[in-house]
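> Below are the C-alpha coordinates for one structure; questions will follow.
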Amino acid sequence: KLQVACLVISRISAFSLYPVMIAVFLSKCRATTSFLSKSHLSVYLMQDNHELHEYAGRYIAIDVWIHTFFHLLRWGLQGNIQLLWTHKTGLSGLIVVAVTPIITVLMISDKCKRRIKYEIRKGLHYLFYAFAVGMCFHAPTSGIPNGGFIAPVLGFCIALYTLDALYVYVFMTEKIDTTIFHVLPSGVEMTMAVSESFQKRMNKGGIAYVCLPWVSKTQWHAFSLFEDPRNNRKKQVFMLKTGDWTTAVHDALQRKTVRPMWISGPFISPFNAAVLYDNQILVASGIGITPALSVINAHKELRRVNLIWACRDAAMLEFYIEHMIVNSDGWNLIFYTGKDSLDPAVDGMNTNVCILKGRPDLEAVIPNIIYGIESGEGLPEKYLESEREQVKSRLADKLLELEGRDDMRRSQKRLELNEVAQSQGYRLENHQTVLQQREGSKVVQKMKGSIYGNLANPLKEWKSDSESCGNSNNLFGPDNKCVVDTMNQSKHRNLINLRISLMLESGFKPWEHQIPASEFVSSLGKASVLNTWGVLYCGGSKPVEATLRRALRCISSISKEYQINLNTESFAW
(Lines of atoms letter the chains of each structure in order from A and count residues from 1; the text may use other names and numbers.)
(Lines give C-alpha, C1' and ligand atoms only; values in the text may rest on other atoms or scores of the structure.)
Protein backbone atom coordinates (compact mmCIF):
# COMPACT_ATOMS: atom_id res chain seq x y z
CA LYS A 1 0.00 0.00 0.00
CA LEU A 2 2.84 2.39 0.81
CA GLN A 3 4.48 1.62 -2.54
CA VAL A 4 1.18 2.28 -4.33
CA ALA A 5 0.80 5.57 -2.45
CA CYS A 6 4.33 6.60 -3.44
CA LEU A 7 3.60 5.72 -7.08
CA VAL A 8 0.35 7.76 -7.05
CA ILE A 9 2.10 10.83 -5.60
CA SER A 10 4.97 10.50 -8.08
CA ARG A 11 2.57 10.21 -11.03
CA ILE A 12 0.46 13.17 -9.88
CA SER A 13 3.55 15.32 -9.44
CA ALA A 14 4.79 14.25 -12.89
CA PHE A 15 1.55 15.03 -14.75
CA SER A 16 1.15 18.35 -12.93
CA LEU A 17 4.50 19.40 -14.38
CA TYR A 18 3.26 19.33 -17.99
CA PRO A 19 1.38 22.67 -18.09
CA VAL A 20 3.99 24.30 -15.86
CA MET A 21 6.93 23.28 -18.06
CA ILE A 22 5.06 24.46 -21.15
CA ALA A 23 4.47 27.81 -19.42
CA VAL A 24 8.09 28.20 -18.28
CA PHE A 25 9.36 27.90 -21.87
CA LEU A 26 6.60 29.73 -23.75
CA SER A 27 6.77 32.70 -21.35
CA LYS A 28 10.31 33.34 -22.60
CA CYS A 29 9.52 32.94 -26.32
CA ARG A 30 9.72 36.68 -26.86
CA ALA A 31 9.01 36.80 -30.59
CA THR A 32 6.08 34.39 -30.21
CA THR A 33 4.46 36.32 -27.36
CA SER A 34 4.96 39.62 -29.22
CA PHE A 35 3.18 38.12 -32.23
CA LEU A 36 0.36 36.68 -30.11
CA SER A 37 -0.09 40.03 -28.31
CA LYS A 38 -1.42 41.44 -31.60
CA SER A 39 -3.96 38.65 -32.06
CA HIS A 40 -7.25 37.93 -30.31
CA LEU A 41 -5.46 35.28 -28.27
CA SER A 42 -3.92 38.15 -26.28
CA VAL A 43 -7.15 38.46 -24.26
CA TYR A 44 -6.38 35.04 -22.76
CA LEU A 45 -2.69 35.64 -22.10
CA MET A 46 -1.01 37.08 -19.02
CA GLN A 47 0.43 40.57 -19.43
CA ASP A 48 3.45 39.85 -17.24
CA ASN A 49 5.25 36.89 -18.82
CA HIS A 50 8.14 37.11 -16.38
CA GLU A 51 5.78 36.76 -13.42
CA LEU A 52 4.38 33.60 -15.04
CA HIS A 53 7.92 32.37 -15.72
CA GLU A 54 8.98 32.92 -12.12
CA TYR A 55 5.88 31.26 -10.72
CA ALA A 56 6.40 28.23 -12.98
CA GLY A 57 10.08 28.06 -11.99
CA ARG A 58 9.21 28.02 -8.29
CA TYR A 59 6.67 25.25 -8.87
CA ILE A 60 9.17 23.14 -10.80
CA ALA A 61 11.84 23.63 -8.11
CA ILE A 62 9.52 22.13 -5.48
CA ASP A 63 7.70 19.56 -7.60
CA VAL A 64 10.90 17.94 -8.92
CA TRP A 65 12.01 17.13 -5.37
CA ILE A 66 8.58 15.75 -4.41
CA HIS A 67 8.61 13.53 -7.49
CA THR A 68 12.17 12.37 -6.78
CA PHE A 69 11.63 11.69 -3.07
CA PHE A 70 8.63 9.39 -3.54
CA HIS A 71 10.22 7.54 -6.45
CA LEU A 72 13.37 6.89 -4.37
CA LEU A 73 11.24 5.82 -1.42
CA ARG A 74 9.32 3.35 -3.61
CA TRP A 75 12.53 1.96 -5.14
CA GLY A 76 14.05 1.60 -1.66
CA LEU A 77 11.02 -0.32 -0.42
CA GLN A 78 11.30 -2.59 -3.46
CA GLY A 79 15.06 -3.03 -3.04
CA ASN A 80 15.63 -1.46 -6.51
CA ILE A 81 17.62 1.60 -5.48
CA GLN A 82 20.33 0.60 -8.00
CA LEU A 83 17.94 1.78 -10.76
CA LEU A 84 19.13 5.27 -9.89
CA TRP A 85 22.44 4.65 -11.69
CA THR A 86 21.75 1.59 -13.81
CA HIS A 87 18.63 2.69 -15.74
CA LYS A 88 18.17 5.67 -18.03
CA THR A 89 15.14 6.79 -16.04
CA GLY A 90 17.28 7.00 -12.89
CA LEU A 91 20.29 8.59 -14.64
CA SER A 92 18.22 11.19 -16.49
CA GLY A 93 16.36 11.96 -13.26
CA LEU A 94 19.68 12.36 -11.45
CA ILE A 95 20.79 14.95 -14.04
CA VAL A 96 17.49 16.84 -13.72
CA VAL A 97 17.64 16.88 -9.92
CA ALA A 98 21.26 18.11 -9.98
CA VAL A 99 20.69 21.07 -12.32
CA THR A 100 17.26 22.18 -11.07
CA PRO A 101 18.52 24.06 -7.96
CA ILE A 102 21.18 25.81 -10.05
CA ILE A 103 18.59 26.91 -12.61
CA THR A 104 15.94 28.02 -10.13
CA VAL A 105 17.39 28.99 -6.77
CA LEU A 106 20.11 31.28 -8.15
CA MET A 107 17.47 33.35 -9.96
CA ILE A 108 14.88 33.32 -7.16
CA SER A 109 16.87 33.76 -3.94
CA ASP A 110 17.48 37.37 -2.86
CA LYS A 111 20.73 36.31 -1.20
CA CYS A 112 22.00 34.80 -4.45
CA LYS A 113 21.01 37.94 -6.33
CA ARG A 114 23.04 40.07 -3.93
CA ARG A 115 26.10 37.81 -3.76
CA ILE A 116 26.39 36.39 -7.29
CA LYS A 117 26.72 38.54 -10.38
CA TYR A 118 23.81 38.56 -12.77
CA GLU A 119 26.02 37.43 -15.67
CA ILE A 120 27.08 34.29 -13.75
CA ARG A 121 23.52 33.46 -12.72
CA LYS A 122 22.29 34.09 -16.27
CA GLY A 123 24.97 31.81 -17.72
CA LEU A 124 24.13 29.01 -15.31
CA HIS A 125 20.46 29.47 -16.11
CA TYR A 126 21.14 28.01 -19.57
CA LEU A 127 21.51 24.63 -17.86
CA PHE A 128 17.79 24.40 -18.61
CA TYR A 129 18.92 22.74 -21.86
CA ALA A 130 20.41 19.90 -19.77
CA PHE A 131 17.17 19.85 -17.76
CA ALA A 132 15.06 19.56 -20.93
CA VAL A 133 17.21 16.86 -22.53
CA GLY A 134 17.24 14.85 -19.29
CA MET A 135 13.46 15.07 -19.05
CA CYS A 136 13.05 13.89 -22.67
CA PHE A 137 14.88 10.64 -21.80
CA HIS A 138 13.25 10.25 -18.38
CA ALA A 139 10.08 8.42 -19.43
CA PRO A 140 9.90 6.10 -22.48
CA THR A 141 7.43 7.05 -25.19
CA SER A 142 6.33 3.41 -25.29
CA GLY A 143 4.21 4.19 -22.25
CA ILE A 144 1.80 6.38 -24.28
CA PRO A 145 -1.18 6.73 -23.69
CA ASN A 146 -0.63 5.81 -20.02
CA GLY A 147 2.43 8.06 -19.79
CA GLY A 148 5.62 8.93 -21.61
CA PHE A 149 4.33 12.25 -23.04
CA ILE A 150 7.25 14.23 -21.65
CA ALA A 151 9.61 13.65 -24.61
CA PRO A 152 7.30 15.05 -27.35
CA VAL A 153 5.93 17.83 -25.12
CA LEU A 154 9.25 19.11 -23.79
CA GLY A 155 10.97 18.42 -27.10
CA PHE A 156 8.46 20.75 -28.80
CA CYS A 157 8.98 23.42 -26.12
CA ILE A 158 12.77 23.43 -26.31
CA ALA A 159 12.67 23.46 -30.15
CA LEU A 160 10.20 26.37 -30.19
CA TYR A 161 12.26 28.31 -27.65
CA THR A 162 15.46 27.79 -29.66
CA LEU A 163 13.85 28.82 -32.96
CA ASP A 164 12.26 31.83 -31.26
CA ALA A 165 15.62 32.94 -29.82
CA LEU A 166 17.26 32.58 -33.24
CA TYR A 167 14.49 34.62 -34.86
CA VAL A 168 14.95 37.41 -32.29
CA TYR A 169 18.72 37.39 -32.77
CA VAL A 170 18.53 37.51 -36.59
CA PHE A 171 15.38 39.51 -37.37
CA MET A 172 14.61 41.59 -34.25
CA THR A 173 18.09 42.83 -33.44
CA GLU A 174 19.63 45.89 -35.07
CA LYS A 175 22.68 48.08 -34.83
CA ILE A 176 22.40 51.74 -33.84
CA ASP A 177 25.34 53.47 -35.48
CA THR A 178 25.08 56.72 -33.53
CA THR A 179 23.79 56.87 -29.97
CA ILE A 180 23.35 60.06 -27.95
CA PHE A 181 24.31 59.60 -24.30
CA HIS A 182 23.26 62.01 -21.56
CA VAL A 183 25.23 61.31 -18.40
CA LEU A 184 23.73 62.12 -14.99
CA PRO A 185 25.37 61.46 -11.61
CA SER A 186 23.13 58.45 -11.01
CA GLY A 187 22.95 56.93 -14.48
CA VAL A 188 22.85 57.35 -18.25
CA GLU A 189 20.07 58.21 -20.66
CA MET A 190 20.48 56.87 -24.20
CA THR A 191 18.65 58.28 -27.21
CA MET A 192 18.67 56.37 -30.49
CA ALA A 193 16.97 56.50 -33.88
CA VAL A 194 15.49 53.06 -34.57
CA SER A 195 14.42 51.57 -37.89
CA GLU A 196 10.92 51.61 -39.33
CA SER A 197 10.58 47.87 -38.77
CA PHE A 198 11.42 48.39 -35.09
CA GLN A 199 8.71 51.08 -34.90
CA LYS A 200 6.15 48.87 -36.63
CA ARG A 201 6.69 46.00 -34.23
CA MET A 202 5.65 48.25 -31.32
CA ASN A 203 5.12 51.96 -31.73
CA LYS A 204 4.99 52.89 -28.05
CA GLY A 205 6.74 51.55 -24.96
CA GLY A 206 7.80 47.97 -24.42
CA ILE A 207 11.08 46.38 -23.33
CA ALA A 208 14.34 46.12 -25.25
CA TYR A 209 17.64 44.33 -24.64
CA VAL A 210 20.75 46.47 -25.06
CA CYS A 211 24.33 45.47 -25.82
CA LEU A 212 27.24 47.92 -25.77
CA PRO A 213 30.09 45.99 -27.43
CA TRP A 214 32.69 48.52 -26.30
CA VAL A 215 31.81 47.60 -22.70
CA SER A 216 31.02 43.89 -23.16
CA LYS A 217 30.34 41.96 -26.36
CA THR A 218 28.36 39.22 -24.65
CA GLN A 219 26.16 41.02 -22.14
CA TRP A 220 22.57 41.99 -22.99
CA HIS A 221 20.49 43.86 -20.45
CA ALA A 222 16.75 44.63 -20.42
CA PHE A 223 15.42 48.19 -20.17
CA SER A 224 12.06 49.91 -20.52
CA LEU A 225 11.66 51.94 -23.69
CA PHE A 226 10.10 55.37 -23.87
CA GLU A 227 9.79 57.90 -26.66
CA ASP A 228 11.79 61.08 -27.10
CA PRO A 229 9.19 63.81 -26.42
CA ARG A 230 10.73 65.92 -29.18
CA ASN A 231 10.75 63.13 -31.76
CA ASN A 232 8.62 60.00 -31.35
CA ARG A 233 10.71 58.18 -33.97
CA LYS A 234 13.55 58.12 -31.48
CA LYS A 235 13.61 55.74 -28.53
CA GLN A 236 15.17 56.32 -25.15
CA VAL A 237 16.26 54.15 -22.25
CA PHE A 238 17.65 55.12 -18.86
CA MET A 239 20.10 52.87 -17.08
CA LEU A 240 20.61 53.43 -13.39
CA LYS A 241 24.14 52.92 -12.08
CA THR A 242 23.49 49.94 -9.80
CA GLY A 243 25.58 46.96 -10.89
CA ASP A 244 28.97 46.12 -12.40
CA TRP A 245 27.88 46.51 -16.02
CA THR A 246 25.94 49.75 -15.58
CA THR A 247 28.79 51.20 -13.52
CA ALA A 248 31.24 50.26 -16.28
CA VAL A 249 29.00 51.99 -18.82
CA HIS A 250 28.79 55.11 -16.65
CA ASP A 251 32.57 55.19 -16.21
CA ALA A 252 33.16 54.71 -19.95
CA LEU A 253 30.92 57.68 -20.72
CA GLN A 254 32.84 60.17 -18.64
CA ARG A 255 34.46 60.92 -21.98
CA LYS A 256 31.93 62.00 -24.62
CA THR A 257 31.18 59.33 -27.22
CA VAL A 258 28.57 58.42 -29.84
CA ARG A 259 29.79 54.86 -30.38
CA PRO A 260 27.34 52.24 -31.71
CA MET A 261 25.15 49.89 -29.74
CA TRP A 262 22.93 46.91 -30.49
CA ILE A 263 19.28 46.73 -29.51
CA SER A 264 16.92 43.75 -29.57
CA GLY A 265 13.17 44.14 -29.42
CA PRO A 266 10.77 45.65 -28.71
CA PHE A 267 8.87 43.17 -26.56
CA ILE A 268 5.64 43.56 -24.62
CA SER A 269 5.74 44.68 -21.00
CA PRO A 270 3.09 44.76 -18.26
CA PHE A 271 2.72 48.49 -18.89
CA ASN A 272 1.31 47.68 -22.34
CA ALA A 273 -1.81 46.66 -20.40
CA ALA A 274 -2.50 50.36 -19.80
CA VAL A 275 -4.58 50.37 -22.98
CA LEU A 276 -7.17 48.22 -21.16
CA TYR A 277 -8.12 51.07 -18.79
CA ASP A 278 -9.76 54.44 -19.33
CA ASN A 279 -8.37 55.66 -16.03
CA GLN A 280 -4.79 54.77 -15.14
CA ILE A 281 -2.73 55.25 -12.01
CA LEU A 282 0.96 54.77 -12.75
CA VAL A 283 3.07 54.21 -9.65
CA ALA A 284 6.83 54.40 -10.08
CA SER A 285 9.89 54.30 -7.86
CA GLY A 286 13.13 55.83 -9.11
CA ILE A 287 13.96 54.69 -12.62
CA GLY A 288 10.54 53.02 -12.81
CA ILE A 289 9.39 56.36 -14.26
CA THR A 290 10.57 55.32 -17.75
CA PRO A 291 7.69 52.95 -18.69
CA ALA A 292 5.28 55.44 -17.12
CA LEU A 293 6.55 58.18 -19.44
CA SER A 294 5.83 55.99 -22.44
CA VAL A 295 2.27 55.31 -21.23
CA ILE A 296 1.66 59.02 -20.66
CA ASN A 297 2.93 59.84 -24.13
CA ALA A 298 0.81 57.11 -25.73
CA HIS A 299 -2.48 57.76 -23.94
CA LYS A 300 -2.48 61.40 -22.85
CA GLU A 301 -4.96 62.44 -25.56
CA LEU A 302 -7.75 59.90 -24.98
CA ARG A 303 -7.28 58.51 -21.47
CA ARG A 304 -6.90 59.92 -18.00
CA VAL A 305 -3.38 59.05 -16.84
CA ASN A 306 -2.33 59.78 -13.25
CA LEU A 307 1.25 59.52 -12.06
CA ILE A 308 2.66 58.85 -8.58
CA TRP A 309 6.46 58.93 -8.69
CA ALA A 310 8.76 58.57 -5.68
CA CYS A 311 12.31 59.70 -6.47
CA ARG A 312 15.31 60.42 -4.25
CA ASP A 313 17.68 61.54 -7.02
CA ALA A 314 17.46 65.32 -7.49
CA ALA A 315 19.33 65.31 -10.82
CA MET A 316 17.07 62.60 -12.25
CA LEU A 317 13.93 64.37 -11.06
CA GLU A 318 14.95 67.72 -12.53
CA PHE A 319 16.02 66.07 -15.80
CA TYR A 320 12.70 64.31 -16.33
CA ILE A 321 10.62 67.28 -15.19
CA GLU A 322 12.35 69.29 -17.89
CA HIS A 323 11.74 66.68 -20.61
CA MET A 324 8.51 64.92 -19.64
CA ILE A 325 5.15 65.58 -21.29
CA VAL A 326 2.43 65.35 -18.65
CA ASN A 327 -1.23 64.53 -19.04
CA SER A 328 -3.44 67.57 -18.53
CA ASP A 329 -6.34 65.35 -17.42
CA GLY A 330 -4.43 63.49 -14.73
CA TRP A 331 -2.68 64.15 -11.44
CA ASN A 332 1.11 64.09 -11.60
CA LEU A 333 2.35 63.70 -8.03
CA ILE A 334 6.12 63.59 -7.56
CA PHE A 335 7.36 62.69 -4.08
CA TYR A 336 10.96 63.73 -3.55
CA THR A 337 12.68 61.65 -0.88
CA GLY A 338 16.26 62.86 -1.39
CA LYS A 339 18.41 65.15 0.74
CA ASP A 340 19.81 67.50 -1.94
CA SER A 341 18.00 70.77 -2.58
CA LEU A 342 15.87 71.00 -5.71
CA ASP A 343 16.00 73.80 -8.24
CA PRO A 344 13.54 76.47 -6.95
CA ALA A 345 11.93 76.65 -10.40
CA VAL A 346 11.02 72.97 -10.05
CA ASP A 347 10.29 73.05 -6.34
CA GLY A 348 7.76 75.87 -6.67
CA MET A 349 5.44 74.18 -9.16
CA ASN A 350 1.79 74.29 -8.12
CA THR A 351 -0.44 72.90 -10.86
CA ASN A 352 -1.63 69.38 -11.58
CA VAL A 353 2.11 68.62 -11.41
CA CYS A 354 2.90 68.68 -7.70
CA ILE A 355 6.33 68.10 -6.15
CA LEU A 356 6.07 67.04 -2.53
CA LYS A 357 8.67 66.24 0.11
CA GLY A 358 8.52 62.79 1.69
CA ARG A 359 7.22 59.33 0.83
CA PRO A 360 3.76 58.82 -0.65
CA ASP A 361 1.06 57.29 1.52
CA LEU A 362 -0.32 55.05 -1.21
CA GLU A 363 -3.18 53.85 0.95
CA ALA A 364 -4.44 57.44 0.97
CA VAL A 365 -3.26 58.82 -2.37
CA ILE A 366 -4.71 56.14 -4.68
CA PRO A 367 -8.27 56.26 -3.24
CA ASN A 368 -8.06 60.07 -3.14
CA ILE A 369 -7.26 60.28 -6.86
CA ILE A 370 -10.18 57.99 -7.71
CA TYR A 371 -12.50 59.89 -5.38
CA GLY A 372 -11.49 63.30 -6.71
CA ILE A 373 -12.03 62.31 -10.35
CA GLU A 374 -15.15 60.15 -10.01
CA SER A 375 -16.89 62.63 -7.68
CA GLY A 376 -15.73 65.70 -9.59
CA GLU A 377 -14.36 67.22 -6.37
CA GLY A 378 -10.73 67.04 -7.48
CA LEU A 379 -10.54 67.09 -11.27
CA PRO A 380 -6.86 67.68 -12.12
CA GLU A 381 -7.63 69.78 -15.19
CA LYS A 382 -8.89 72.50 -12.84
CA TYR A 383 -5.33 73.08 -11.71
CA LEU A 384 -3.57 73.56 -15.04
CA GLU A 385 -1.64 76.79 -15.38
CA SER A 386 -4.05 78.06 -18.05
CA GLU A 387 -7.06 77.32 -15.83
CA ARG A 388 -5.25 78.80 -12.84
CA GLU A 389 -4.68 82.04 -14.75
CA GLN A 390 -8.40 82.26 -15.53
CA VAL A 391 -9.25 81.70 -11.88
CA LYS A 392 -6.77 84.42 -10.88
CA SER A 393 -8.37 86.81 -13.35
CA ARG A 394 -11.87 86.11 -12.05
CA LEU A 395 -10.71 86.54 -8.45
CA ALA A 396 -8.92 89.79 -9.33
CA ASP A 397 -12.11 91.14 -10.91
CA LYS A 398 -14.08 90.13 -7.84
CA LEU A 399 -11.50 91.68 -5.51
CA LEU A 400 -11.65 95.02 -7.38
CA GLU A 401 -15.43 94.90 -7.23
CA LEU A 402 -15.40 94.22 -3.49
CA GLU A 403 -12.91 97.04 -2.83
CA GLY A 404 -15.49 99.46 -4.19
CA ARG A 405 -18.21 98.22 -1.84
CA ASP A 406 -18.56 100.54 1.17
CA ASP A 407 -21.59 98.67 2.48
CA MET A 408 -19.67 95.49 3.35
CA ARG A 409 -17.39 94.77 6.26
CA ARG A 410 -13.88 93.52 5.60
CA SER A 411 -14.67 90.04 6.97
CA GLN A 412 -17.69 89.83 4.66
CA LYS A 413 -15.54 90.72 1.67
CA ARG A 414 -12.95 88.07 2.54
CA LEU A 415 -15.70 85.47 2.99
CA GLU A 416 -17.25 86.26 -0.38
CA LEU A 417 -13.87 86.21 -2.14
CA ASN A 418 -13.11 82.83 -0.57
CA GLU A 419 -16.48 81.49 -1.69
CA VAL A 420 -15.67 82.48 -5.27
CA ALA A 421 -12.28 80.74 -4.99
CA GLN A 422 -13.87 77.59 -3.55
CA SER A 423 -16.44 77.47 -6.34
CA GLN A 424 -13.49 77.22 -8.74
CA GLY A 425 -11.85 74.41 -6.73
CA TYR A 426 -9.29 76.62 -4.94
CA ARG A 427 -8.83 78.30 -1.60
CA LEU A 428 -7.07 81.46 -0.45
CA GLU A 429 -4.48 81.14 2.29
CA ASN A 430 -3.69 83.87 4.79
CA HIS A 431 -1.41 86.31 2.96
CA GLN A 432 0.98 86.86 5.88
CA THR A 433 1.44 83.09 6.31
CA VAL A 434 2.19 82.68 2.63
CA LEU A 435 4.76 85.47 2.69
CA GLN A 436 6.49 83.97 5.73
CA GLN A 437 6.61 80.53 4.04
CA ARG A 438 8.01 81.92 0.78
CA GLU A 439 10.23 84.70 2.11
CA GLY A 440 13.45 82.99 0.96
CA SER A 441 12.19 81.88 -2.44
CA LYS A 442 13.35 83.31 -5.74
CA VAL A 443 9.80 84.48 -6.50
CA VAL A 444 9.74 86.77 -3.47
CA GLN A 445 13.37 87.88 -3.86
CA LYS A 446 12.78 88.94 -7.45
CA MET A 447 9.79 91.07 -6.48
CA LYS A 448 11.66 92.98 -3.80
CA GLY A 449 12.79 96.35 -5.05
CA SER A 450 10.68 96.05 -8.19
CA ILE A 451 7.61 98.09 -9.10
CA TYR A 452 5.63 95.80 -6.78
CA GLY A 453 7.50 97.16 -3.80
CA ASN A 454 8.53 95.47 -0.56
CA LEU A 455 6.74 92.15 -0.31
CA ALA A 456 7.36 92.00 3.40
CA ASN A 457 4.40 94.40 3.57
CA PRO A 458 3.32 94.61 -0.06
CA LEU A 459 -0.11 96.13 0.38
CA LYS A 460 1.39 99.40 1.59
CA GLU A 461 2.25 99.94 -2.04
CA TRP A 462 -1.47 99.98 -2.77
CA LYS A 463 -1.83 103.41 -1.17
CA SER A 464 -2.90 106.12 -3.58
CA ASP A 465 -2.17 109.81 -3.59
CA SER A 466 -5.91 110.30 -3.93
CA GLU A 467 -7.93 110.60 -0.72
CA SER A 468 -11.22 109.68 -2.35
CA CYS A 469 -11.10 105.95 -1.77
CA GLY A 470 -9.87 105.72 1.83
CA ASN A 471 -12.05 103.18 3.61
CA SER A 472 -11.68 101.31 6.87
CA ASN A 473 -13.56 98.40 5.32
CA ASN A 474 -10.82 97.86 2.75
CA LEU A 475 -10.46 94.11 2.18
CA PHE A 476 -6.90 93.98 3.53
CA GLY A 477 -7.24 96.47 6.35
CA PRO A 478 -7.68 100.20 7.04
CA ASP A 479 -4.00 101.01 6.47
CA ASN A 480 -4.01 99.58 2.94
CA LYS A 481 -5.99 101.96 0.76
CA CYS A 482 -6.57 101.21 -2.92
CA VAL A 483 -7.83 103.66 -5.50
CA VAL A 484 -8.42 102.15 -8.92
CA ASP A 485 -8.22 105.26 -11.02
CA THR A 486 -7.15 105.59 -14.61
CA MET A 487 -3.46 106.25 -13.86
CA ASN A 488 -2.99 103.50 -11.24
CA GLN A 489 -5.30 100.75 -12.64
CA SER A 490 -2.51 98.76 -14.32
CA LYS A 491 -0.20 98.89 -11.29
CA HIS A 492 -2.98 97.96 -8.89
CA ARG A 493 -4.13 95.12 -11.13
CA ASN A 494 -0.59 93.71 -11.18
CA LEU A 495 -0.41 93.93 -7.40
CA ILE A 496 -3.73 92.15 -7.07
CA ASN A 497 -2.63 89.38 -9.43
CA LEU A 498 0.61 89.01 -7.46
CA ARG A 499 -1.20 88.69 -4.14
CA ILE A 500 -3.67 86.17 -5.53
CA SER A 501 -0.82 84.15 -7.06
CA LEU A 502 0.85 83.89 -3.65
CA MET A 503 -2.37 83.11 -1.79
CA LEU A 504 -4.09 80.79 -4.27
CA GLU A 505 -3.96 77.14 -3.24
CA SER A 506 -5.70 74.14 -4.77
CA GLY A 507 -8.78 73.18 -2.79
CA PHE A 508 -8.26 69.45 -3.40
CA LYS A 509 -4.96 67.84 -2.48
CA PRO A 510 -4.89 64.10 -3.23
CA TRP A 511 -1.76 63.63 -1.13
CA GLU A 512 -3.68 64.67 1.99
CA HIS A 513 -6.30 62.59 3.77
CA GLN A 514 -9.76 63.01 2.26
CA ILE A 515 -12.39 61.80 4.74
CA PRO A 516 -14.97 60.36 2.30
CA ALA A 517 -12.46 58.89 -0.18
CA SER A 518 -12.27 55.27 1.04
CA GLU A 519 -16.01 54.95 1.59
CA PHE A 520 -16.75 56.55 -1.76
CA VAL A 521 -14.40 54.30 -3.71
CA SER A 522 -15.64 51.18 -1.91
CA SER A 523 -19.20 52.07 -2.91
CA LEU A 524 -18.38 52.24 -6.62
CA GLY A 525 -19.50 49.24 -8.65
CA LYS A 526 -16.65 47.08 -9.96
CA ALA A 527 -18.35 46.25 -13.25
CA SER A 528 -19.49 49.78 -14.04
CA VAL A 529 -16.73 52.00 -12.62
CA LEU A 530 -13.74 50.30 -11.03
CA ASN A 531 -13.14 48.05 -14.05
CA THR A 532 -12.20 51.20 -15.94
CA TRP A 533 -9.39 51.85 -13.43
CA GLY A 534 -6.02 50.13 -13.45
CA VAL A 535 -2.90 50.47 -11.31
CA LEU A 536 0.46 49.85 -12.99
CA TYR A 537 3.62 49.67 -10.90
CA CYS A 538 7.28 49.69 -11.83
CA GLY A 539 9.69 49.55 -8.91
CA GLY A 540 13.00 50.16 -10.59
CA SER A 541 15.89 47.76 -10.98
CA LYS A 542 16.35 46.62 -7.33
CA PRO A 543 12.96 45.96 -5.75
CA VAL A 544 14.72 43.72 -3.23
CA GLU A 545 15.13 46.88 -1.20
CA ALA A 546 12.68 46.96 1.67
CA THR A 547 11.06 50.26 0.67
CA LEU A 548 10.11 48.99 -2.79
CA ARG A 549 8.84 45.69 -1.41
CA ARG A 550 6.65 47.63 1.03
CA ALA A 551 5.38 49.79 -1.82
CA LEU A 552 4.47 46.77 -3.93
CA ARG A 553 2.74 45.04 -1.01
CA CYS A 554 0.87 48.26 -0.29
CA ILE A 555 -0.33 48.65 -3.88
CA SER A 556 -1.33 44.97 -4.03
CA SER A 557 -3.43 45.30 -0.89
CA ILE A 558 -5.09 48.45 -2.24
CA SER A 559 -5.82 46.72 -5.52
CA LYS A 560 -7.52 43.80 -3.75
CA GLU A 561 -9.43 46.00 -1.33
CA TYR A 562 -10.98 48.15 -4.04
CA GLN A 563 -11.06 45.39 -6.70
CA ILE A 564 -8.86 47.39 -9.07
CA ASN A 565 -6.64 45.60 -11.56
CA LEU A 566 -2.89 45.68 -10.85
CA ASN A 567 -0.03 45.17 -13.32
CA THR A 568 3.62 45.22 -12.24
CA GLU A 569 6.83 45.54 -14.19
CA SER A 570 10.17 44.60 -12.70
CA PHE A 571 13.66 43.62 -13.78
CA ALA A 572 14.32 41.88 -10.47
CA TRP A 573 16.18 39.08 -12.19
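Note: Cβ is positioned from N, Cα and C throughout, glycine not excepted.
Because TrEMBL annotations are produced automatically, they should be read as predictions rather than curated entries.
The annotation transmembrane segment is assigned in TrEMBL to 89-108, 124-143, 149-172. Here TrEMBL flags 277-324 as domain 'Ferric reductase NAD binding'.
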> Could you tell me how many residues in the domain 'Ferric reductase NAD binding' (277-324) are helical, how many are strand and how many are coil under DSSP?
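For that range the per-state counts are 24 helix, 15 strand, 9 coil.
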> Under 8 Å between C-beta atoms and at least six residues away from its ends: which parts of the chain pack against the transmembrane segment (149-172)?
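Residues packing against the transmembrane segment (149-172) from afar: 14, 18, 21-22, 25-26, 28-32, 129, 132-133, 135-139, 141, 201, 264-265.
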> Other than its close neighbours in sequence, what residues sit by the transmembrane segment (89-108), given a CB gap under 8 Å and a spacing of at least six beyond its ends?
54, 57-58, 60-61, 64-65, 68, 71, 83, 116, 121, 124-125, 127-128, 130-131, 134-135, 137-140, 573
> What is the average pLDDT across the domain 'Ferric reductase NAD binding' (277-324)?
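Reported value for the domain 'Ferric reductase NAD binding' (277-324) is a mean pLDDT of 85.
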